[in-house]
Structures are given as structure tokens and as C-alpha cells.
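Asks: The following block contains the structure, expressed as C-alpha cells.
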Amino acid sequence: MGSLDVQIDSIADDSRKVKPGGLFVAIRGNRVDGHAYAEQAVARGAAALLVEKACKVDVPQLIVPSTRRVAPIAAQWVLGDPADDMVLIAVTGTNGKTTTATLIEQVLLAMGHATGLIGTIAQRCGGVALRDSGMTTPEAVELANVLREMRDLGTKYVVMEASSHAMELARVAGLAYRVAAFTNLTQDHLDFHQTMDAYARAKGKLFSRLGNRFTPLADGGLPVAVLNVDDAQASVYAAETVQQIVTYGIDHPADVRGRDVVIRADGTQFVIDSFAGSAEVHLATPGRFSAYNALCATASCLALGIPLQAIAKTLSSLPGVSGRFEPVRAGQPFAILVDYSHTPDSLQNALDTIREFCTGRVITVVGCGGDRDRTKRPIMARVAAQRSDFFVLTSDNPRTEDPEKILDDMEAGIRDVASERYARITLREEGIRAALSVAQPGDVVLIAGKGHETYQILGTTYHDFDDRQVAKRIVEEQVQ
Ligand SMILES: CC(=O)N[C@H]1[C@@H](OP(=O)(O)OP(=O)(O)OC[C@H]2O[C@@H](n3ccc(=O)[nH]c3=O)[C@H](O)[C@@H]2O)O[C@H](CO)[C@@H](O)[C@@H]1O[C@H](C)C(=O)N[C@@H](C)C(=O)N[C@H](CCC(=O)O)C(=O)O
Ligand SMILES: Nc1ncnc2c1ncn2[C@@H]1O[C@H](COP(=O)(O)OP(=O)(O)OP(=O)(O)O)[C@@H](O)[C@H]1O
Ligand SMILES: N[C@H](CCC[C@H](N)C(=O)O)C(=O)O
Ligand SMILES: [Mg+2]
């Protein structure tokens with residue numbers, strides 16, 4: 001097995017990413033067991049292994065009960081504790097994580113802070129993309145590597161989305177957050193968590209474990225939980241943290257409270273009252289939910305000591321986030337919006353928002369992802385039916401499921417809806433075409449579900465597909 005006296009300076013949980021002299025962590029996955037790749041890892045130069053059972057290779061092996069649980073801590077140690085040198089801000093919740101994290105990132109950048117972002121769309125440093133994201137929250141070892149990369153680039157603040165998968169799979173274990181923010185809790189990911197209770201508990205770990213490491217935080221501050229008082233789950237999380245809490249909301253009294261919310265087609269205006277004074281904000285994205293994301297970002301930035309006026313000024317100057325209520329303008333006499341609403345709640349919010357400013361009909365294109373929560377499918381179809389004048393059920397990312405089966409699951413929720421009120425068109429491009437071909441001046445066409453995605457996953461293959469480009473091309477073809 002060799003001597004344990006080896007110098008390790010890199011770590012990987014994927015045999016294909018092992019560097020010579022590095023530590024390979026074998027993780028039992030859903031599809032394969034990482035231990036099966038021990039030989040491959042050693043062939044690539046792994047100097048030691050972190051395993052749950054001894055593997056037949058001639059390098060030192062550290063055997064632990066759960067490599068998944070040890071990986072986050074091992075990764076931070078091997079890489080020189082990069083997280084401890086930066087101020088970490090985490091955003092969790094079913095909807096609004098990417099948007100809120102981006103708002104916080106932009107405020108920090110505007111204040112002149114070297115800031116990184118780790119989220120669904122991309123991993124960024126100083127506002128510049130390092131790479132597109134494969135996941136919302138990377139696995140622990142990749143996350144540690146990204147944090148090390150960011151620290152080496154001089155980053156002081158890192159804003160990251162903390163998905164429920166990440167919390168359940170210990171991807172973010174042991175990280176000492178300065179701010180942990182909660183947007184909201186509604187149904188999603190029941191394929192993975194099984195029950196809403198388990199889903200809520202996974203997210204709750206961010207708050208119950210907040211500040212449970214004795215590491216001094218990089219800016220000398222103390223941990224703060226930022227909670228949305230208008231979401232019933234907030235009181236549960238509030239009871240679970242022993243750290244300071246900053247609340248935000250609109251309907252209920254809060255430390256950071258929005259009022260006089262005005263929603264227009266091109267944005268949202270509201271006033272923030274807080275312990276740091278009052279300020280008016282003009283957002284480029286319409287919707288009450290947009291005000292909530294901005295309030296969450298404001299409360300988080302106030303917790304970091306940034307003045308309210310500076311926060312409000314930056315929030316008011318930002319364009320929208322890619323694929324979130326993003327308009328497609330190709331000269332058509334009706335509006336087209338591409339939005340990442342892929343949960344019942346986000347779809348409902350998107351459609352309720354559109355109804356507030358739409359002078360014509362609301363037309364919706366909607367699908368549901370394959371290999372994901374099946375129980376949300378009939379609900380999403382129902383939400384679309386209740387809130388659209390006409391809607392098209394089509395494919396999202398079918399992944400390894402039969403697209404027709406996904407559409408059957410969706411249709412089960414709208415058995416009582418008249419067949420002329422909707423179309424079922426399996427090919428997404430054709431679904432979008434059908435919706436655009438019936439649109440009249442004043443109508444709004446919402447293309448929901450894929451937002452910023454530039455691909456469609458059929459089987460395990462990623463095919464080029466961008467709702468924004470497809471819609472633009474179809475409009476241009478229809479004009480000719
Ligand atoms: C359910 C889940 O999270 N699965 C993740 C998990 O997959 P898995 O358990 O099936 O892993 P596996 O493929 O069996 O591999 C097991 C181990 O063998 C290793 N391996 C594998 C092959 C090889 O040649 N060599 C090798 O060493 C792998 O690196 C891994 O460590 O570990 C994989 C490797 O890190 C991840 O890519 C995979 O995420 C998949 C792609 C995924 O779709 N995850 C989604 C559900 C997800 O996590 N989403 C959340 C929430 C999104 C949101 O709503 O915001 C997210 O944070 O992104
Ligand atoms: N605060 C909110 N409440 C409800 N819906 C929201 C909120 N913010 C955004 N949405 C809706 O949810 C969609 C996704 O928003 P966003 O990407 O910010 O969320 P997310 O939590 O990062 O999602 P994901 O889990 O897929 O990464 C948006 O396109 C919008 O329709
Ligand atoms: N982070 C989410 C994204 C869903 C996006 C939607 N387009 C889909 O494919 O279901 C997930 O992995 O469940
Ligand atoms: Mg996200």
C-alpha cells in the first residue's frame with residue numbers, strides 16, 4: 001500500500017480529472033461506484049486514495065466510512081483552505097437563487113470588491129465568465145477547486161447558489177458562510193427528496209449549521225441569516241439558527257421591507273424601508289417576485305455593511321439576468337418572453353406577472369424536464385391552463401425519458417380543459433412555432449422552462465437549442 005508520507009497538492013473525485021501526485025476520492029454514485037475507477041486514477045498519477053473500502057492499487061489509501069462526507073473537508077485542506085480567505089455568501093430557495101445571487105454579485109462588484117459567482121448559469125470572477133456551469137452547486141471537490149481558483153485570482157467575496165441537492169449530498173459541508181439567504185420554498189425536486197418535508201429540511205441545513213465552525217470570517221464579521229418573512233418556511237429556519245437574522249418581505253413587517261410595488265411591462269418599481277434608511281429602486285425585470293429577489297439581495301448586502309443608497313443605485317442600473325423574463329425582439333407586433341420558470345410556483349408567478357401588463361392574450365409554451373420530479377408535471381400544465389388564453393404543451397429537456405410519456409403526465413392535469421384551448425406538440429421548435437403563429441398585436445408569448453439554456457437534452461446528448469434564437473428565427477421566417 002506504500003507509505004502515507006506523501007505530499008498531496010491536488011484533489012479530484014473524477015478519475016478523468018486526476019493530476020499526477022493528486023488525491024483521488026472514490027464516491028459511490030447513483031450510476032457508478034467511484035471505487036471502480038481507482039486503477040484509472042492511479043494510472044493517471046494519483047498518489048493516494050480516499051476510499052470507503054481498500055482498492056487493489058499500490059498507493060496509500062485512507063479508508064473512511066463516507067467519502068462523500070469527508071470529501072468537502074479533505075478538499076479544503078488539500079487545497080489550502082481557500083474558502084477561509086474569502087467572504088462566502090450562499091443563496092438557497094426553490095426559485096430566485098440565480099437572480100438574487102447575481103444581484104448581490106453586481107452590488108459587490110459595483111462597490112469595487114473582487115467578487116466571484118458560482119451558480120446555474122456560470123462561474124464568474126470579476127464579472128467575467130470562467131466557464132459555463134454544469135450544475136447549480138458543483139460537487140464538493142469541484143467546488144473546492146473553483147474556490148481555490150478564485151482565491152488565486154485575488155477574489156475576496158464569493159456569492160454562490162446552494163441547491164437542495166448540494167445540501168443533501170454534502171457538497172457545501174463545512175463552509176463557513178458570512179451570509180446565508182433564503183428566497184422561498186415551493187414544490188420541486190421531489191424525485192430526489194421524496195417529500196416536501198425532506199426538501200425543506202435539506203435547505204434548512206444552511207441555517208441550522210450556520211456559524212458552527214469556529215473559523216473567524218474573512219471580513220471579521222459574524223454570520224447572518226437573511227430570511228423572507230412572507231414565506232411560511234422562514235419561521236422554521238429562524239428557529240433553527242442561533243445566528244443573527246435579518247428579515248425581508250412586503251406583506252409582513254420586516255427589517256428590510258418593500259412597499260408601493262408598481263409592475264410594468266419593462267420593470268418593477270418599489271420603495272425599500274430598512275434599519276439603514278429608505279430608498280427607491282427601479283428594476284429592469286417585471287414582477288412582484290423580482291422585488292422579493294431585490295429585497296433579499298438588499299438585506300444580504302446590508303448585512304455585509306454596504307450602504308442602502310449604494311445598493312439601490314446599483315440594483316436600479318442593472319439589466320435583467322440571462323433567460324429570466326428576457327424579451328425577444330425581432331420586430332414582431334407582440335411580446336415574446338423567454339423565462340426559466342420550470343416549477344409550478346415560478347410558472348404561476350411568471351404568468352400572473354404577465355397578466356398585470358398584457359393588453360391582449362397570454363400564450364404559453366411549457367414543458368417539463370425528463371428524469372426530474374414527475375409530480376410537478378400535471379400541476380404545471382394546470383397552472384398554464386388556468387392562466388393562459390392559449391397554451392402549447394411541448395418538450396423541455398426529455399433526457400432519457402420518452403417525451404410522449406412526459407406530455408401524458410402533463411395532460412393528466414388538464415383533463416377538463418377544452419382541446420381547442422391548447423396544442424400538444426412534442427418537438428419544442430414546432431411548439432414555439434405554433435404559439436408564435438397564433439399571436440396577435442398586444443399578446444404576450446411566454447416560452448417557459450429553459451431560459452438561458454443553449455441546448456436541449458435528448459437521451460444523454462446535448463443538441464444546440466436556444467429558445468431566444470429559435471423564437472427570433474421563426475419570427476423572421478414568418479415575416480418573409
Ligand atoms: C443526483 C446528482 O446530483 N447526481 C450527481 C452525481 O451523480 P451520480 O451520483 O450518479 O455519480 P456517478 O455518475 O454515479 O459517479 C460516481 C462517482 O464516480 C466518478 N467517476 C465516474 C466516471 C468515471 O469515469 N470516473 C469517475 O471517477 C464520478 O466523478 C463520481 O464521483 O455526481 C455526478 C458527478 O459529480 C454529478 O454530475 C451528478 O449530477 C447530475 C449531472 C445532475 O443532474 N444533478 C442535478 C440533479 C443536480 O445536482 N441539480 C442541482 C439542483 C439544480 C437546481 O434546481 O438549482 C444542482 O445543484 O445542480
Ligand atoms: N423570488 C421568486 N419567486 C418565485 N419565482 C421566481 C422568483 N425569482 C425568479 N422566479 C422565477 O423562477 C425562474 C428561475 O429563477 P432563478 O433562475 O433566479 O431561480 P433559481 O432558484 O436559481 O432556479 P434553479 O433552481 O433552476 O437554479 C425565473 O425565470 C422566474 O420565472
Ligand atoms: N436545475 C434544474 C433545472 C431544470 C431546468 C429545466 N429546463 C429542466 O431541464 O427540467 C434541474 O436540474 O432540475
Ligand atoms: Mg439557479
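These residue numbers are counts, starting from 1, taken along the chain as shown.
Just so it is clear, glycine is given a Cβ too, placed from its N, Cα and C backbone atoms.
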Asks: For the annotation motif 'Meso-diaminopimelate recognition motif' in TrEMBL, which listed range does it cover: 80-83, 396-399, 440-443, 448-451?
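Replies: Based on what TrEMBL states, motif 'Meso-diaminopimelate recognition motif' spans 396-399.
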Asks: Among Arg372, Arg374, Arg424, indicate the single residue that TrEMBL lists for the meso-2,6-diaminopimelate site containing Asp396, Asn397, Pro398, Arg399, Gly449, Glu453.
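Replies: Candidate listed by TrEMBL for the same site: Arg372.
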Asks: Which binding-site residues of Thr99, Arg372, Asn397 contact ligand 3 in the sense of C-beta under 6 Å?
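Replies: Arg372, Asn397, by Cβ distance under 6 Å.
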Asks: Using a 10 Å cut-off on CB atoms, tell me which of the binding-site residues Thr98, Thr99 is the least crowded.
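Replies: Counting other Cβ atoms within 10 Å of each of the binding-site residues Thr98, Thr99 gives the minimum at Thr98.
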Asks: What are the other residues, in sequence order, whose C-beta lies within 8 angstroms of the center of the C-beta atoms of Gly93, Thr94, Asn95, Gly96, Lys97, Thr98, Thr99 at the ATP site?
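Replies: These residues sit around the ATP site: Val91, Thr100, Glu161, Thr183, Asn184, Asn293.
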Asks: Going through the binding-site residues Lys97, Thr98, Asp396, Arg399, Gly449, Glu453 in sequence order, which have a CB under 6 Å from an atom of ligand 4?
Replies: Lys97, Thr98
Asks: Would you mind reading off the Cα separation of Arg399 (meso-2,6-diaminopimelate binding site) from Lys97 (ATP binding site), to the nearest angstrom?
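Replies: Given the Cα positions, Arg399 (meso-2,6-diaminopimelate binding site) is 24 Å from Lys97 (ATP binding site).
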Asks: Average the pLDDT scores across the domain 'Mur ligase C-terminal' (323-451) and report the rounded value.
Replies: 97
Asks: According to DSSP, folded down to helix, strand and coil, what is Arg399 (meso-2,6-diaminopimelate binding site)?
Replies: strand
